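Working notes, beginning with the structure itself.
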């Protein structure tokens, strides 16, 4: 039973406090026109009994917190709250510092691309390594690497070294460490919680990432003029010490089954081969790429804030905040779907809802309505992530989980970047609102096609 679902009230509390056997025929007709203690007990019991199912239904809608009953997962999840905010502060600090040093948005784009390359390469390699060694040890090493790179970023900013080459180099090192850490971390979750609680665990992880994406940039942006840029890097490094403590407390996580002895190129290729040959996994990745490439319009947010929603000085902030805000709210209500078993169908429904929300955003003429549709899209995206990650964690055997999570990291990191390119070009050619609306339509059409043409994915039912 879920830890957020209370046990039913006792029979005594449901029936109230009258003496004898309330509710029997004799109690109901003791005196005409007057109310006895037993009658009040029956009425109170009726109200209590009616309220209890309502409370139970509300609790079933709320986020399923069963995974937090497991100490190892709880420590890891709690530490991720701090590190999610810290990493987002660094995500604000780096482009801000790049622009300070170069006064060029072009250099900001170059720095972003330079950070993506090691994330992809080391994400794939890190996934292969996670299948060959103790994942706890790998997470300790890579989290330490991320922390050291954050300290180095703090030092160069505090000392005003003012070297764009050094800044980008440190960013690449940090992204390489993060790329190696992410597959190991995701592949560890199925070893910490029971199989049937994986969707709930993924929803909890999604909430943390969304809160970090929402609060981290806001706090970081507010701190820069108060404490200075370098403080953001230092806060990120300090937050990582909490993660190191949580990882140290994990049990040993050695490879299981017929795991490879070393992580070579052949093992990375094997991961891709398995992912592409398994139609369920391939379409899980494909559905996410459809959702992101056609449906993620963030590259157009600055122009839309300046033109479509001109006159509202908070428009750009609202556009960027709406999707993670919706994801947080969707996560808090994830109890309504995290116990469902039709993972394939629910992914299709969630991505279709994301596409419909993007259509609504593209057609919106005012910022409040636009933000509402983006928030609805964020909730749908969270739902999609929960089921796609659960499919990956339950279908793949443990000796391949690291490599599959590496591929997942590449898809998640690469999809939005491809979306930025596609929407930038489409927005320039068609106009922003047309490009956004057309992208949403393509997502919806794509999900209808998957539902009709890929029954294996549509009908997949998780055995949890």
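Using the three backbone atoms N, Cα and C, a Cβ is placed for every residue, glycine included.
Given the structure is predicted, the values throughout are model-derived calculations rather than measurements.
Going by TrEMBL, these are the annotated features:
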type     : residues : note
COMPBIAS : 1-14     : compositional bias 'Low complexity'
COMPBIAS : 15-26    : compositional bias 'Gly residues'
COMPBIAS : 27-52    : compositional bias 'Low complexity'
DOMAIN   : 259-464  : domain 'Major facilitator superfamily (MFS) profile'
REGION   : 1-57     : region 'Disordered'
TRANSMEM : 76-99    : transmembrane segment
TRANSMEM : 105-126  : transmembrane segment
TRANSMEM : 201-226  : transmembrane segment
TRANSMEM : 280-301  : transmembrane segment
TRANSMEM : 313-333  : transmembrane segment
TRANSMEM : 345-363  : transmembrane segment
TRANSMEM : 435-454  : transmembrane segment
Determine the mean pLDDT over the domain 'Major facilitator superfamily (MFS) profile' (259-464), rounding to the nearest whole number. 87
Could you pull out which residues elsewhere in the chain have a CB under 8 Å from any CB of the transmembrane segment (105-126), counting only those six or more residues past its ends? 94-95, 98-99, 138, 142, 164, 167-168, 171-184, 263, 268, 271, 402-403, 406-407, 409-410, 413-414, 417
State the residues, same chain only, that lie 6 or more residues beyond the ends of the transmembrane segment (76-99) and have a CB under 8 A from a CB inside it; answer 'none' if no residue qualifies. 67-68, 105, 107-108, 111-112, 115, 150, 153, 157, 164, 167-168, 171, 174, 178, 185, 188, 192, 201, 204-205, 208-209, 211-213, 215-217, 219-221, 223-224, 229, 232-233, 235-240, 242-243, 245-247, 250
